[in-house]
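Engineer: Quick one: the structure is below, and I'll ask about it shortly.
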């Protein structure tokens with residue numbers, strides 16, 4: 001006996017979702033193709049608010065177990081809201097919604113091109129994407145072997161605070177910087193704390209990342225120059241000079257949302273890190289840096305140009321990394337299933 005090919009025809013009137021899954025440097029992305037009702041809102045931030053207020057059940061259904069897991073990440077494609085954009089996107093995770101996602105942008109560009117949703121020719125193709133953090137300019141091209149290569153210019157990124165400190169339970173005084181790269185992150189020197197940024201230490205990094213995040217949130221209020229919806233600390237990024245590849249500048253381990261661990265170096269995180277290094281005079285313009293992740297994934301970031309952003313001395317970072325399609329899914333919701341809305345069990 002053989003099952004039919006996807007999509008399966010299921011008996012009964014059951015809600016269904018079609019997704020295309022991918023990863024960027026090890027970090028998953030579940031791209032939601034169909035299943036959501038109409039999303040209302042005139043701006044991408046209004047759409048984000050509408051989804052959070054009225055459709056959040058679908059986030060937990062697709063991100064949490066048994067269909068997902070505690071570290072799943074999602075992208076919900078929307079209609080464009082700006083004249084320049086090709087499409088819009090909302091980003092989902094275990095706790096809620098993010099303002100921007102670099103690994104998600106890279107995976108979306110790769111998927112759009114490899115499925116011929118966006119056609120590529122001999123010349124690089126510029127793709128504009130509406131995200132809650134702003135309009136993202138991505139570029140797709142084909143290498144000599146015909147493989148899709150993706151990069152993006154991030155939103156204005158800047159050093160928000162340098163050389164700060166906070167008391168953290170179990171650690172004492174911890175020094176940190178804060179950078180914005182589409183979201184705010186607190187950067188911690190793991191080497192100074194004697195912390196390993198290897199995968200064998202992930203449980204401790206999650207625990208300390210959560211504690212540091214909440215300590216910084218309580219002591220260092222953040223105010224975005226334009227959007228109050230972006231005025232929050234998204235995560236903690238541990239940085240280390242202990243790398244596996246000589247060409248790498250450093251390693252990032254990002255703990256974000258509700259203890260979620262980024263398998264990639266974090267696209268918005270490397271963008272904000274470049275802004276911090278630029279502000280400290282440690283890098284110049286057009287100086288590419290390779291940054292590793294906890295699973296040895298790599299992203300390259302550089303500061304393309306400097307510009308003012310409502311009083312902030314900002315840079316426009318360029319970020320690149322490798323993405324791969326991993327599968328297509330047809331998720332079915334049985335109305336009798338007590339776990340139909342999902343659950344988290346670490």
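Even glycines carry a Cβ here, placed using N, Cα and C.
These numbers come from a predicted model, not from an experiment.
The active site, proton acceptor annotation in Swiss-Prot covers 101, and the record cites similarity to another entry as its basis. Taken from Swiss-Prot, the feature substrate binding site covers 102, 103, 262, 267, 268, and the record attributes it to similarity to another entry.
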Engineer: Measure from the CA atom of residue 101 (active site, proton acceptor) to the CA atom of residue 262 (substrate binding site) and give the result in Å, rounded to a whole number.
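Structural biologist: Checking the Cα atoms of residue 262 (substrate binding site) and residue 101 (active site, proton acceptor) gives a distance of 11 Å.
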Engineer: Show which residues of the chain containing residue 103 (substrate binding site), separated from it by at least 6 in sequence, have their CB under 8 Å from its CB.
Structural biologist: 24, 25, 27, 29, 73, 262, 264, 266, 267, 321, 323
Engineer: Please report the distance from the Cα of the residue listed as 'active site, proton acceptor' to the Cα of residue 268 (substrate binding site), rounded to the nearest angstrom.
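Structural biologist: With distance taken Cα to Cα, residue 268 (substrate binding site) is 6 Å from the residue listed as 'active site, proton acceptor'.
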Engineer: Going by DSSP, is residue 102 (substrate binding site) part of a helix, a strand, or coil?
Structural biologist: helix
